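Worksheet: the structure to be examined is printed underneath.
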Amino acid sequence: MCDIMEIKKFIETIKGTKLFTAYNTNVDAIKYLKDEDVQKLVDEFNHKDIIERMEEYPRIIEEPLDFVARLVHSIKTGKPAEVPIKDDKKLHEWFDRIKYDEERMGGQAGIVSNLMATLQIDKIIVYTPFLSKKQAEMFVDYDNLLYPLVENGNLVLKKVREAYRDDPIKINRIFEFKKGLKFKLNGEEITAKQSTRFIVASRPEALRIEIKDDVRKFLPKIGEAVDCAFLSGYQAIKEEYRDGKTAKYYFERAEEDIKLLKKNKNIKTHLEFASISNIEIRKMVVDYILSNVESVGMDETEIANVLHILGYDELSNNILKDSFIEDVIEGAKILLDKFKNLEVVQVHTIYYILFVCRADNPLSKEELEECLEFSTILASTKAKLGNIRAIDDLHEGLKIPHNKYGDLLKEIAEKFNDNNYKIALSPSRYVEKPKSTVGLGDTISSGAFVYYVSLLNKKRMS
């Protein structure tokens, strides 16, 4: 199939789909790190203090040393990470003195909404609790991208850019680095194993991951208006707030949100997992959200973290240590066995994207692979160009070949297909030095999920 026809087929498949996304959008301030940037950062501190703090592995950034220690750890291991920052004026001022290279849309709901609007699916309804003018302007200017408001007691869908309020702005600082970046720490030369990113995530006290009551009562109506929902941002929930509300309160509301969305129409829902440093919050995402959705997307570290919560410590540690595909597939099967609500577990890594389903899934293995192939093209396009601004950009992603391990990975995955499970794998189209890695996982997951729902709908209608 020629490139133009292949892209046309993919876009034609998804064009009738309607999507709801929530909850997290923010402004990403991005710094593309060079060798000298990191060297300058580590030289601000005693190198032995950095090493000691790395061993302590801080789960919240309370001072600049915590940040430098976790950044170095991320570079050294080649693993992406997201760590919340304490809401402290002096600490924010320290980060503000860094010269960032650009600002762009951040947050899974924001990134996915912009992508799907650009790909011209039929309708996207996005909800985020904060929508300042600056945030609203970071959404792409398309008529298919809408925000739910209540006016005179009625649900109204407005273009996102016209729906802004006088809300605070949530800013995440993103530190991107490329494979091969080098610096010295205490006499040791450290080299970045992979191109990835480290996120310093702000958690403003005023930000609550919830749908406000006025819109919330219309969730059954919103659910009726869409085919599927892509849900994310739960990592921003705090254990406790100054007004006495707790994580349990917000997770109970979030669980109810899913039920309300499905009240009038049995839509497909997807949880996009994330790097969650707080183990209690991670457990609540599993207990309240994972147990209520049909689809979940995660990377290998995230599936390992979920398996740890479920008590599979040895398998979890093996995945964290070696990332063998056999262990990842075994972990995905465990999730399907534990959570009967799940139809599909999707795992994305640098080298592949994987679907693990039960054998009775209505889509064939070839159709599942088609979903994954579409998502790899989206990912390679975004990695190469930094962003997807038009459908024609996908031709750039399609030019990038699958990585050299593709045949071996497909061969291994094929061995796990049996009477109980259906497994599909697509090797990634590997961009050696990506322009940007932020949002790659969200791009992969949303592409695969929306395509999956589109094929299910077509199958049902035929």
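The backbone N, Cα and C atoms fix where each Cβ goes, and this holds for glycine too.
In three-state terms derived from DSSP, D442 (active site, proton acceptor) belongs to a helical segment. According to Swiss-Prot, the active site, proton acceptor annotation covers D442, on the basis of similarity to another entry.
The Mg(2+) binding site feature in Swiss-Prot is assigned to E272, E302, D442; the stated evidence is similarity to another entry. Proximity of E302 (Mg(2+) binding site) to non-local residues of its own chain (separation of 6 or more, Cβ distance below 8 Å) is seen for F273, A274, S275, given in sequence order.
Among the features that Swiss-Prot reports, domain 'ADPK' is placed at 1-458.
For the recorded positions E272, D442, the largest tally of other C-beta atoms within 10 A is found at E272.
The Cβ centroid of E272, E302, D442 marks the Mg(2+) site; residues of that chain outside this set whose Cβ lies within 8 Å of it are Q108, S232, F273, A274, G297, M298, D299, G441, S445, given in sequence order. Annotation note: E302 (Mg(2+) binding site) sits in a helical segment as assigned by DSSP.
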